[in-house]
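The next block holds one structure in the form of structure tokens; read it before the comments.
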């Protein structure tokens, strides 16, 4: 049979070799007449106009294109005749979002909006931050990560897997934006309190960077979300035909270290000394190692360790207006001695040391930790935590509390827990620890819900006139107690804040408004401060400055409601003040490279913030 006959058979008996498809429409790029094994060129236009303009989320304005813009950019007929301004578009979209009863559906609608109209997405998020923050981030982002494989539509960041080992620099060059200022990276091993979600942890970097822009004003084009895929130990995902990541057990040891080393070197080579690398949701053993290893050579920040610590310290500093005294007058007890717990504890010790001039080794003695471990093999835990969002009570029963960290346990402790091993007889349960230590502040960072029991809260209330109770674990299902439980069991005495949002609670005729110790108060402004100063390293003094700046933003009106954090409705103003204090500290420490130093750092920070308002096109 001739080649011409073969060509006709492939095309249903017709010869399209003349470049015409069905109906005589010319196939300019050879796409229709190409067989599956032939290569075609994915052509695109270099200047956005017409349909390409409508499909570009950076420039698309939807129905907000003016009459002149529709003529100039070949949009006539591609849009309905009505013209909506951005405010009307925002009103319509908020109305639509409120029709969704399932939070995950709202999350998906917001992600769809981000992918088609970037400025409108950020306009919505900035103007409705208190309503939409729980949608684009915790707690909804936890469920989104669990189901990321099912709801995946188009990539929103870079995926670097073991397959790219030796080629990571090339992969970074594939990203279309070249001037990157902030990278949020995860390996997906410890997503919120949900465990190992592998490649599906991408929802966390994407969500965090959305907040960098909305709350901190960092330009979206300078943000890069990255997931490093080294496999997963989550059996459910490994057996899921729709799982989007590597289907293999997690790489560890030298193989893992070499991949991260190549990644860190490639980032610095490609984007320079001043790119901020934020580690997110790495497991404890890797989180501490990475921060220690690269803090002296890169601009690195771990939000789980340092961001959480800074926002909690801010709440503690603010709470002194309500409970009285100074930090050194209080005794702190933690449930959970992982990266969040030990990070918070260390920053509190540093702040007390700063205030009292006492050595940090001495100030640590005001802080006690109760640690925990999983009551099962790691592989089964990873499998089971997939369901923890839906069955929190089952997950909570899997955690065994080892007890108070004391000096008699020193030899068996992980390195990062050893500074907190104080002289005391062994204490096994949290309740017994509360009775023995008599803390004024109880902080939960265990990732295990319902662990601040009625007896624990009642004991705290019996020991203190105003017990400070912080249930920080995320998402909501993993919170150590709810706001209602804290206020009810303490008979309205508790000052309460949590990691995930809770609704106001009415108790005996009084309305209590719970605070939210959300890292989003800190990291957007902290990152902005590093960027505007051109900082080359992160230091503890910067974290203390951020905490003090946030605490200073709590007004008397907030205190009157029992709040120890300001409302998120003022978050951009708050972020500007945090950025200014962080930048000032960078200049003071000689770590800033943007010279000369601006005279008014608050105004300078505000002037550098991204604005999501539409631009006019010529």
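The backbone N, Cα and C atoms fix where each Cβ goes, and this holds for glycine too.
Annotations in TrEMBL come from automatic prediction, not curation.
Owing to the predicted nature of the structure, the values given are computational and were not obtained by experimental measurement.
Positions annotated as active site, proton donor by TrEMBL: 137.
A C-beta separation below 8 Å, combined with a sequence spacing of at least six in one chain, links residue 208 (active site, proton acceptor) to 137, 184, 225, 278, 280, 303, 523. Sequence annotations record features per position, and here TrEMBL assigns active site, proton acceptor to 208.
The feature (S)-malate binding site is assigned by TrEMBL to 190, 474, 518. For residue 518 ((S)-malate binding site), other Cβ atoms within 10 Å of its Cβ number 26.
For 280, 281, 304, the entry in TrEMBL reads divalent metal cation binding site. Within 10 Å of the Cβ of residue 280 (divalent metal cation binding site) there are 29 other Cβ atoms, across all protein chains.
The domain 'Malic enzyme N-terminal' annotation in TrEMBL covers 114-295.
Taken from TrEMBL, the feature region 'Disordered' covers 1-23.
Cα separation, residue 304 (divalent metal cation binding site) to residue 190 ((S)-malate binding site), rounded: 10 Å. Look at the binding-site residues 281, 304 and count other Cβ atoms within 10 Å of each Cβ; 304 has the fewest.
Excluding the listed site residues 280, 281, 304, the same chain places 186, 190, 191, 204, 279, 282, 287, 302, 303 with Cβ atoms within 8 Å of the centre of the divalent metal cation site Cβ atoms. Of all Cβ atoms in the shown protein chains, 24 besides its own fall within 10 Å of the Cβ of residue 190 ((S)-malate binding site).
Neighbours of residue 474 ((S)-malate binding site), defined as other CB atoms within 10 A of its CB across all chains, total 25.
When the CA atoms are compared, the binding-site residues lying within 10 A of residue 281 (divalent metal cation binding site) are 190, out of the candidates 190, 474, 518.
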